[in-house]
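A quick write-up on the structure given underneath.
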Amino acid sequence: MDRSRSSRAASSNQFIRPCGLLTTVILLQTLVSMSLAIEEMSPPPAAPPRPSPPPTVKLNKCCHSGEYLNDGTCIAGSEALWLPMVYLVQQQRFFEPHGASPRFLKFLPNTRPTCRKDQTTEIFRSRGANVMLFPNGTLYVRERALMVQPSDYCVDWEVAVVCLNDSQPINALEDPDYAANPLVQQEPPKASLRLSKCCGKWGSYNTQLQNCDLQPNHQAAVDGLLRLSPQLPEGSYQTSYGLPDCGQPGGYSIAGDWQDAKLDRNTAMLQLPHKNLSAGQYCLEHTQREGEVKIIACQHLFSSAAGAGIHDGSIGGTIEQANGQNLQKAVLTGGILVSIVFLSATLVAGFLLPAVHHALHWRCQICYVTCLLFGKILLAIEELSSSLQPGSAACHTLAITMQFFFLAAFFWLNTMCFNIWWTFRDFRPSSLERNQEALRRYLYSLYAWGGPLLITFVAACVDQLPETTLLRPGFGQLYCWFDNRNLSIFAYFYGPIGLLLCANIALFVSTTHQLTCGLWKRDDVKSSSEKSALGRVCLKLVVVMGVTWIADILSWLVGGPHGVWFFTDLINALQGVFIFIVVGCQPQVWTACRRIFCPRLRHDITNTTNGVQHSSSSQGLPSMAGGTEITQNTTTTTTTTNTTATHMPSNPAEDEVPEKAPIAPVAPIVKMETIC
């Protein structure tokens, strides 16, 4: 019975469940249909009321209709859209089109404010929203962060004439306490020096985003003023607000650090390394780093600035000075291009002599010329390319790559100078085994490639750190080079190069001393022709060891007008020409060229050269070692063969030096070649 009772209960439950679900669905459908019917019968909600137009406000126009204000004088002719920008507070937008007048603004023509005795008249430019109007007629001057009543100003095309009180109220838009207590007064300093803060009263410059950060900055959160101590004590200057009026497209750039600049307190002119900025051409701004202040200026002022070793002149010069600077820049750029051609020819000349490719000095020479060639090419691209913009990835990459190749060139130059000095250090016979020469080659490569790579890697890593007290190189910020800060460019470029050049000069002095005081006094060198040839060797060493590069370091350290260093800059720009004269203008090179381009002469040249001189040492390199054939195996055995064929000397100095009787090879015989 229990089992039958339970079975009946289960069957009844199975029947009740679907019936209950069906009933629920029917009820829901009924409720939905009733709610839709009610919504259709109810009237639509009322639209929000349109904001009532503001009351009519009368403002002063400085000149008559159809006239505009220019240097305090009304001149016929005006623009249709002449009004400063009007900000509609309720709609939170500017009235469009910009320059047009809303209907609620009425203007009294040819009406200027009457300033009281305790007021001064000042004219403000309205470009870049420096001046804007509010619907109640209040004028906001962003440059001074102040509000002006309609009776104290007049407006015209791109200008506003304002009567300024001795003490102006704090900006109501930017100071939250002003709304609660509008009687708060801001006492400006009495100093006449006025410096502009770029990003407004409470903003700062974000170096990562490369724009203004309008969030309150901890350095300006107190009063929104510039903090320029210890260079300028507080109270010795006034703070205005806004970016400079460029007048040309192109935006703004970081011109440098405030700590590296010199300020003329009388004129507010700012002197940067090789650049002067007048008071209206720059502004200052704090960054997120404690104590750091950047100088921001119009980018077009630096569009012609140079990269490594080439400096721009002052902006505030005459037209003749500007033309002279442009001419000097064009000449130097042309010198760089000419140097590129001759450096390429030098590489070709070096590869025309496969017999000397094993020489260690030849390898150092080729690496030096190659690095200098690539550095010059990148510098020419930076000078001539108009598509490279500071801040771009291409500009950043170009700056890092150019630093590496220039550093590598000077490291290889130092290696080559050491190799020259090592060869001439005591004029004693020295022979290197093949494994010893290979070891020196590996050590040279490790030093000359590893040093620049390490310096460039450290500079690139420091430049990408978000927060650090280390010196940032600032690649690609202002130029496609360093950001023109003295300490950073010294630490990562001029400092290492200066040390290498000092070492090169010491090696040059030691080498020339060995040539003049050592070889000159030997019995081998007595005639005046031999001594003059030896003097030409020393002259070539000046080019080889990069002695003239020291002038580029001095021009950076001393500074001054660009014309003072024009001659030395031109010599360094044409360095490739001088290197080609020393290396490419060798008789062996011309002989190789004739052998390649004149096949009929190959047989004659081979016959004549086979009967002249044979040496057990490696063939000398027509290198930059002052025209001297530098070999590592200097112990030689020389035999002379008389030939009836045309004499083709392997050493052109033999045409100058009188023939001598053979002497015992106690010391190496230094063969000198004449300059081209």
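Using N, Cα and C of the backbone, Cβ positions are placed for all residues, glycine too.
Taking the topological domains listed in Swiss-Prot, Cys364 lies across the membrane from Gly476. Record source Swiss-Prot places Cys246 in a disulfide bond whose other cysteine, from Cys154, Cys163, Cys198, Cys298, is Cys298. Feature annotation from Swiss-Prot across Asn486, Asn607 places N-linked glycosylation site at Asn486. The N-linked glycosylation site entry in Swiss-Prot, when matched to the candidates Asn276, Asn642, corresponds to Asn276. Geometry remark: Asn165 (N-linked glycosylation site) versus Asn486 (N-linked glycosylation site), CA distance 42 Å.
The glycosylation sites examined here are Asn136, Asn165, Asn276, Asn486; by Cβ neighbour count within 10 Å, the least packed of them is Asn136. The helix, strand and coil residue counts that DSSP assigns across the topological domain 'Extracellular' (387-403) are 11 helix, 0 strand, 6 coil. Under DSSP, Asn136 (N-linked glycosylation site) is assigned to coil, being neither helix nor strand in the three-state scheme. DSSP classifies Asn165 (N-linked glycosylation site) as strand under the three-state reduction.
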